[in-house]
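Peer 1: Starting off with a structure, shown below.
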Amino acid sequence: MKSAALLLPLYTAAFAAAAFHHEHAQAVIQDQQLTIVEPDEYLIELSPGETRWVNENEKWELRKKNINFFDITHNAELGTLNHRINAESVKYPSKPVFNETLAPLLKELDKNNMRAHLETFTSFHTRYYKSQYGVQSSAWLLGQVNKTLADAGAINASVKAFPHPWGQSSIIATIPGKSDKTIVIGAHQDSINLFFPAFLAAPGADDDGSGTVTILEALRVLLKSDEILKGEAENTIEFHWYSAEEGGLLGSQAIFQSYEKEARDVKAMLQQDMTGYVQKTLDAGEPESVGVITDFVDPGLTEFIKKIITVYCDIPYVLTKCGYACSDHASASKAGYPSAFVIESDFKYSDKKIHTTEDKIEYLSFDHMLQHARMTLALAYELAFAEFK
C-alpha cells in the first residue's frame, strides 16, 4: 500500500491544558508541524465482516449517501482482545430511584450555558479532524472542561487530552468513584463539510456541537452533587469528547481499543450525537420527542434509558434505527461494552443540514437540547450509584 506525507500541526499537551483563545492557539500551532504518513487507501467495515478498501474521496462519497462505516485501517484489533466480562451479563436497575435527589440538580441545567458554548464552538471555520481549526477547537474545548472542573472544586476529578496522529485530540474527563467500574457519557467534537473537508466551512452546530455542549452542561451540574465530588459514588464516571467520528469513528475506536487492551470495566456507554434539531418532527405534525436507537445497541441499557426518559424528561421517546457504525457508541459495542445512543428525533426526521455550511445554531432548539441534558444527567447519576457485579 503506497502512502503520502501530509503535514499536520502538533498539538502539545502543555498547550492543551492552557489554551483558551483562538488567536493564542493559532500562534502556538503554527510554530510546530508534525509529519504524518497517510495511506492512499483505507480499510473500512460497512457491516460485521464486510470490509472494503477505498480512497479518501470514496469515503466521503459513501458518507454523502448516508452510508456509515468503521475505518479500521489502524484499528483492526478492536473487538478481538475482549476477554473480560460478557457485555450481556451487565444488569441495570429495575427502575430509577434517585428522583428526590435529582430534582434540584435538574433545575440547575441552563440552556444559556449551552448556547454560549455552542456559539464559540461553531465560530471555528471547521472542526475537521485533520485541520488546524480542528486542533484549535479541541484546545478550546479542553479548556472549558478544565474550567468546569476547577469552578466546581472537583479536586479529585481530572481531564486529559487523548492524542491521535492526525492532530485533533479526544478529551476524557474522569470523576473517580469507589470502584473502577465505569460509566461513559460520550459525544464527538469534530465536524465536516463533505463537499470539501479540508477547506469549506463546517460549523457543525447540530453534528455534533449540540451533543458536545449538552454533555458539558450535564457534567457541570453533576459536579454540584457533594457525593459525586467526594468520590462517594459506587462507580467512576467518564465524559468523552471524541475526535474524528466523521472519518469512521477513529477517535472512539482508539480509546475503546486501549480500554479493551487494559481490560477496563465499562458498565455502560451513552452517546449523544445530534441533540438540537426538532423542526422536521414538528412540520410532520408529530409530537416533540427524543429518538432511542434500537439497532446495534445493548438492549438492557437501552431499556433502562427508556425508563430514565419517562421519569426525568418532559417529552416522550420514539424508537428508531440508525444502522451500523452510525456513531461512537458502536466503538464501545465492538469492544464488548454495553452501549446506547439517543438522538434528537425519529431518525427520518433528523437534521439534513449536517455536513454542510448550513448546520447552524439558528436551526436548533435549546429547549430540546435541555431535554437531552436532563436525560444525560439523570442517567449518569443513577448509574453512578448503581451496584454492579
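Even glycines carry a Cβ here, placed using N, Cα and C.
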Peer 1: CYS313, CYS322: which one closes the disulfide with CYS326 in Swiss-Prot?
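Peer 2: Swiss-Prot lists the disulfide between CYS326 and CYS322.
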Peer 1: Check Swiss-Prot: it lists ASP207, GLU246 as binding Zn(2+) 2. Then name which of HIS355, HIS368, HIS372 it lists for that same site.
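Peer 2: The candidate from HIS355, HIS368, HIS372 that Swiss-Prot ties to Zn(2+) 2 along with ASP207, GLU246 is HIS355.
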Peer 1: HIS188, ASP207 bind Zn(2+) 1 according to Swiss-Prot; which of ASP151, ASP265, ASP273 goes with them?
Peer 2: ASP273
Peer 1: Same chain, not part of HIS188, ASP207, ASP273: whose C-beta falls within 8 angstroms of the C-beta centre of the Zn(2+) 1 site? Give them in sequence order.
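Peer 2: Here the non-site neighbours turn out to be ALA187, GLY204, ASP208, GLY211, THR212, GLU245, GLU246, MET274, SER327, ASP328.
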Peer 1: For ASP207 (Zn(2+) 1 binding site), which of the recorded positions ASN99, ASN146, GLU246, CYS326 has the nearest Cα in space?
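Peer 2: So, spelling it out, the nearest of the recorded positions is GLU246.
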Peer 1: Tell me, if you would, which residue among HIS188, HIS355 (binding-site residues) has the fewest other CB atoms within 10 Å in the structure shown?
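Peer 2: Each of the binding-site residues HIS188, HIS355 was scored; lowest Cβ tally within 10 Å is HIS355.
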Peer 1: Taking the centroid of the Cβ atoms of ASP207, GLU246, HIS355 (Zn(2+) 2 site), which other same-chain residues have Cβ within 8 Å of it?
Peer 2: ARG63, ASP190, SER191, ILE192, LEU194, ALA202, GLY204, ASP208, GLU245, ILE354, ASP359
